[in-house]
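Report on the following structure.
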Amino acid sequence: MQIIEGKLQLQGNEKIAILTSRFNHIITDRLKEGAMDCFKRHGGDEELLDLVLVPGAYELPLILDKLLESGKYDGVCVLGAIIRGGTPHFDYVSAEATKGIASAMLKYSMPVSFGVLTTDNIEQAIERAGSKAGNKGFEAMSTLIELLSLCQTLKD
């Protein structure tokens, strides 16, 4: 039996985009910082890293689709923060963002990591953006790095 898995190390020539929503920027800024830290720690070249900002999580799928369609990127790390409020808006935005991101990834068969927080309150979001529960932006970039490696291994 052969075990095939990705490595947590960039080759240094991968072109990566971090796609981040600005809404709830207190959280998404920390996620973005975590993703950038992970990228640097694992051999990424900052000259090959683009940061793309959109107004909110609902806009992430459209711009992800455009980034993947461009053919300029080897992978995209998608970050956002959707925090439940008093209306059904949370349910609609989180469902459509999630479906749209997955759809774009499968449409282009490209590595995409999902670092969009969906939390019940601001405290949970803060915990996942660098406090008690680690930094989900860092984790999303780690996932992308492994996916890039695994896809390359499967291609060879």
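Any Cβ shown, glycine's included, is placed from N, Cα and C.
Look at Swiss-Prot and you will find Phe23, Ala57, Tyr58, Glu59, Ala81, Ile82, Ile83, Phe114 tagged as 5-amino-6-(D-ribitylamino)uracil binding site, backed by sequence analysis. DSSP assigns Ile82 (5-amino-6-(D-ribitylamino)uracil binding site) to a strand. Using a 10 Å radius centred on the Cβ of Ile82 (5-amino-6-(D-ribitylamino)uracil binding site) and all shown protein chains, the other Cβ atoms total 26.
Taken from Swiss-Prot, the feature (2S)-2-hydroxy-3-oxobutyl phosphate binding site applies to Gly86, Thr87, Arg128. Close to Gly86 ((2S)-2-hydroxy-3-oxobutyl phosphate binding site) in the fold, though at least 6 residues off in sequence, lies no residue with a CB less than 8 Å from its CB.
The active site, proton donor annotation in Swiss-Prot covers His89. A C-beta separation below 8 Å, combined with a sequence spacing of at least six in one chain, links His89 (active site, proton donor) to none of the other residues.
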Where Glu59 (5-amino-6-(D-ribitylamino)uracil binding site) sits in the secondary structure, as DSSP reduces it to three classes: helix
Binding-site residues (Tyr58, Ala81, Arg128), the one with most neighbouring Cβ atoms at 10 Å: Ala81
Integer Å distance between the CA atoms belonging to Thr87 ((2S)-2-hydroxy-3-oxobutyl phosphate binding site) and Phe114 (5-amino-6-(D-ribitylamino)uracil binding site): 24
Three-state secondary structure, which DSSP defines for Phe114 (5-amino-6-(D-ribitylamino)uracil binding site): strand
Protein Cβ atoms within 10 Å of Ala57 (5-amino-6-(D-ribitylamino)uracil binding site), excluding its own: 29
